[in-house]
Amino acid sequence: MGPVLLVLGSCTSLQIGAALAVHLFALGGSTGTTFLRLGLAALVLLLVVRPRVRGWTRGQWRAAAALGLALAGMNLSFYTALSRIDLGTAVTIEFLGPLALAAATSRRARDLLWVGLALAGVGVLGVAGETHGDGLDPVGAGFALLAGAFWAGYIRAGARLGREVPGHGGLAVATAVATLVLAPVGVPGALRALQAPDGLLLALGTAVLASVVPYSLELAALRRLPQRTFGVLLSLEPVVASLAGWALLGQALTLLAALGIVLVVVASAGATWSAGSAARERARTPRPRRDPRDGPEDGPGTTGPGPGTGADAPCPTGQPAPPGG
């Protein structure tokens, strides 16, 4: 399978998993669904990765805990939004989080234009509303925005954890932490869902299709695609989500709502392309010769412009999608 098909397959799998989660809401609610998805994903990751945590430092545990909190908040907020607004709309609004992070960590004024375009797209969505109601549910939209904020936090925390813990052991532990954080509110709904005849099957399908499969496909694609191309392809995710909502959930879009989604997709792709161009410009800029007596060029822990923030490659512009919303 070619790398482009790997990315598109990842987006498709992720949104099919989200559509399955909507069916699970009737059994366990958004909290129970979130707990089941993260819990099953954590179980798979722990069994496959088998992280060696015995020698971890406090810093490594703090980094894993921070990512776990971000995962818990992102997933719970996203699924709560899905219980009130359409899948395509929720994913589109959620994209504001990484775009805002890219603008906040950038020194280029043009990046603010991409965020402005995305805000315009979300504004169009608000005016257009949805076909099943009189307008866009403000509570659902608010939770989608909150999910985007947690997504931005996930990018920052994930970058830090990647520096602290090699391999995928940190992600496995962080997913387990997220499951434990949600246990007090998620266990009752999860137990109700598992009592239904198809509850376990829906939960397994959601965890595999929305976590294990997309993450694996994206890692494979990143080995074969330039980071910028990967990010532009991931920017199509709101479109894929809208198609999944239409095909699997009967969520039709008005022309005005479709225009809003297109504006956000263009903004995301533009931010990705702009970040890649800036990185190439920096690479071509000649660097002055330095006197070795001046000491290290970068301070300890420095990793270049916007260390670990996604300034040069914000997710959805160059990192695998989180194993959550």
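In case you wondered, yes, glycine gets a Cβ from its N, Cα and C as well.
Here's what TrEMBL has on this protein:
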TRANSMEM  31-49  transmembrane segment
TRANSMEM  61-81  transmembrane segment
TRANSMEM  87-105  transmembrane segment
TRANSMEM  112-129  transmembrane segment
DOMAIN    140-269  domain 'EamA'
TRANSMEM  141-159  transmembrane segment
TRANSMEM  171-194  transmembrane segment
TRANSMEM  200-217  transmembrane segment
TRANSMEM  229-249  transmembrane segment
TRANSMEM  255-279  transmembrane segment
REGION    276-325  region 'Disordered'
COMPBIAS  279-296  compositional bias 'Basic and acidic residues'
Average model confidence [pLDDT] within the domain 'EamA' (140-269): 90
For the transmembrane segment (171-194), the distant same-chain contacts (Cβ-Cβ under 8 Å, at least six residues beyond its ends) come to 24, 27-36, 38-39, 41-42, 45-46, 48-49, 51, 53, 64-65, 67-69, 71-72, 75-76, 157-158, 161, 200, 202-203, 323-324
Within the same chain, where does the transmembrane segment (200-217) have neighbours whose Cβ lies under 8 angstroms from its own Cβ atoms, ignoring anything closer than 6 residues to its ends? I mean 6 or more beyond. 6-7, 9-11, 13-14, 16-18, 20-21, 23-24, 27, 33, 36-37, 39-41, 44, 190, 193-194, 320-321, 323-324
Is the transmembrane segment (87-105) in contact with the transmembrane segment (141-159), using at least 3 Cβ pairs under 8 Å (sequence separation of 6 or more) as the test? yes
Of the listed stretches 61-81, 87-105, 112-129, which one has the most C-beta pairs under 8 A with the transmembrane segment (229-249)? 87-105
Under 8 Å Cβ-Cβ from the transmembrane segment (61-81), and at least six residues away from its ends along the same chain, one finds 21, 25, 30-31, 33-34, 37-38, 53, 90, 93-94, 140-141, 143-144, 146-147, 150-151, 153-154, 157-158, 160-161, 164-165, 170-171, 173-182, 322-325
Within the domain 'EamA' (140-269), residues counted as helix, strand or coil by DSSP: 112 helix, 0 strand, 18 coil
